[in-house]
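Enquirer: Let me begin by handing over the structure; questions about it come next.
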Amino acid sequence: MPSPGLLVLFGSQTGTAQDVSERLGREARRRRLDCRVQALDSYSVVNLISEPLVIFVCATTGQGDPPDNMKNFWRFIFRKNLPPTSLCQMDFAVLGLGDSSYAKFNFVAKKLHRRLLQLGGSALLPACLGDDQHELGPDAAIDPWLHALWEKVLGLYPVPPDLGVIPPGVPLPSKFTLRFLPEAPKMCSEEQHVAGADPPGPPSEQQPFLAPMVTNQRVTSPSHFQDVRLIEFDITGSGLSFAAGDVVLIRPQNQASHVQQFCRVLGLDPDQYFTLLPREPGVPCPTQLPQPCSVRHLVSHYLDVASVPRRSFFELLACLSPHELEREKLLQFSAPQGQEELYSYCNRPRRTVLEVLCDFPHTAGAVPADYLLDLIPPIRPRAFSIASSLLAHPSRLQILVAVVHYQTRLKEPRRGLCSSWLASLDPGRGPVQVPLWVRPGSLTFPETPDTPVIMVGPGTGVAPFRAAVQERVARGQTGNFLFFGCRWRDQDFYWESEWLELERKGCLTLFTAFSREQERKVYVQHRLRELGPLVWELLDRRGAYFYLAGNAKGMPADVSEALTSVFQEEGGLSGPDAANYLARLQRMMRFQSETWA
């Protein structure tokens, strides 16, 4: 019997779930199965009822939330009115990606697996729960699970005997072909592409707004270990609107020196132009690339050569390598038993795509240009909490950016692509434009005038709360309580004079924790415990909302622990009752958090 179409649907926040989905697509094609790979929200969910075989690959983000590109699907699949036989003809499998240091480890995958069973779907095997905390990363769980999955699938739909499986060493056809032009086009297509027609509706990923940068100012003292910037954009005429808690997305560019080095290693002419042609019908070209496009534009604006490559990169590179010794090493890195070695070569020191290509020069020089888009992922937009309110700063948008810069055992320091690019832009030297768009964040604030809010924002986590305070003060909303923590009052106390002025006017109550100013470190969670009677009064008697933003490492757990101990001491609750009280606040959206790794 002819094989059915296999559908792989993913919900991905950082690109890992998408990478795993594309791996599934490649492995399916090697087994002669037709396979479509799509983001969940770009798939018409009503068609699910007629799909015979679906693999769902889902990351869990934040506090057990689905990724942005599956939120609409998530709302639909949990509708109460869906019949329990909706998916009774579907075989499915769920692969989850999560982090076991979070309380809601792989929450999305587990919940989706249960829901698909409720709707009549038939599970091919138990959900796979990939764990970022494992020393080999999620692949430790994914490899054996995929082995079992293909056994099940091939039991149902065997490979046609006259065709056989395409062996791993043979490269599959590239997704696109690059047709090089003999000369550059008359009108620069990149400028046309950027200028574009007036976009329909507000700016989006497909059509960002080129926002002029107004200021780019360091707000930590020169002696402080971290460079943190307050960056302001002019959004006049953009059609952008946002509320406190929303985020702005920015797609960065690669450094010019990296672009030159990449072209040199791969033997490409940065000034040559090409047009992009999909090999298969129905496959769209990336909307971010103009047609025709120069190699320089492709490498500067699209290929993420500064990212840490995934295992799939080594698999394809091994297929394309004409050099025996290099190919042997690449095969070792892409095999399941070579994952420990790959981790210490690549992930631990955060070695980039460009650095790996420099380490394998014979292979890099032989990569056909057609495979560039299969080999190197696109640059992903970075999200920043908006740190200003339109009510206080009409036609302006501000962000607080910590410039990522650290040392590993590699000679060259590691730098965050987006934060370093933004820090390098100087509007004082001439006009600077940054492509951006906004989307709703995970924090929403009460509109009632007298509902108090408790905001806990250590470090750059305070950014969304500055927008919230500005918005609430402009609307005359009182009861604004802010817990801010940093290392030193005189080095990294962001917006100190602004907070003190608002406090003087009676618009804000501020509590600070300067962790390094005394022998015993004092953090925001210590201040919450000290102010237990006030916190309990606000939450239990005055219906306050509680917000938390900042680094996801240990702080969210420490703050939750401080709160439950306040509930026990001030509210007289037992341990289990205090935990239930916190869970109830979360369910009612009166406890909200936005954290990042």
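Just so you know, glycine gets a Cβ as well, placed from its N, Cα and C.
Owing to the predicted nature of the structure, the values given are computational and were not obtained by experimental measurement.
OK, TrEMBL features for this one:
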DOMAIN    6-150  domain 'Flavodoxin-like'
BINDING   12-17, 59-62, 97-106, D132  FMN binding site
DOMAIN    206-446  domain 'FAD-binding FR-type'
BINDING   R350, R382, A383, F384, S385, G416, L417, C418, S419, W596  FAD binding site
BINDING   T460, S515, R516, K521, V522, Y523, V524, Q525, D558  NADP(+) binding site
Enquirer: Between the binding-site residues L417, V524, where is the Cβ count within 10 Å the lowest?
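Expert: Checked L417, V524; of these binding-site residues, fewest Cβ neighbours within 10 Å: L417.
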Enquirer: Over all shown protein chains, what is the count of other CB atoms within 10 A of the CB belonging to S12 (FMN binding site)?
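Expert: Other Cβ atoms within 10 Å of S12 (FMN binding site): 23.
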Enquirer: What whole-number distance in angstrom separates the two most remote CA atoms of the FAD-binding residues R350, R382, A383, F384, S385, G416, L417, C418, S419, W596?
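Expert: Across R350, R382, A383, F384, S385, G416, L417, C418, S419, W596, the widest Cα separation comes out at 25 Å.
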Enquirer: Max Cα distance spanning T460, S515, R516, K521, V522, Y523, V524, Q525, D558 (NADP(+) binders), Å?
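Expert: Output for NADP(+) binders T460, S515, R516, K521, V522, Y523, V524, Q525, D558: max Cα distance 19 Å.
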Enquirer: Taking the Cβ of A59 (FMN binding site) as the reference point, list residues of the same chain whose Cβ is under 8 angstroms away and which are at least six residues distant in sequence.
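Expert: Once residues fewer than 6 apart are set aside, A59 (FMN binding site) is near G11, S12, Q13, T14, T16, A17, P67, G96, L97, G98, V108.
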Enquirer: Report, in whole Å, the straight Cα-to-Cα distance of V522 (NADP(+) binding site) from Y102 (FMN binding site).
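Expert: On Cα coordinates alone, these residues lie 24 Å apart.
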Enquirer: Looking only at D99, D558, the binding-site residues on record, which one has the least crowded Cβ, with the fewest other Cβ atoms within 10 Å?
Expert: D558
Enquirer: Have a look around S385 (FAD binding site) and count the other CB atoms within 10 A of its CB, chains all included.
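Expert: Result for S385 (FAD binding site): 25 other Cβ atoms within 10 Å.
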Enquirer: Taking each of the binding-site residues A383, V522 in turn and counting other Cβ atoms within 10 Å of its Cβ, which one has the fewest?
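Expert: Minimum Cβ neighbour count within 10 Å, taken over the binding-site residues A383, V522, occurs at V522.
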Enquirer: As a test of the contact definition, list every same-chain residue at least 6 positions from S419 (FAD binding site) whose Cβ is closer than 8 Å to its Cβ.
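Expert: S419 (FAD binding site) has long-range Cβ partners R382, V401, A402, V403, V404.
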Enquirer: In whole Å, how far does the CA atom of V522 (NADP(+) binding site) lie from that of D99 (FMN binding site)?
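Expert: If we compare the Cα positions of V522 (NADP(+) binding site) and D99 (FMN binding site), the gap is 28 Å.
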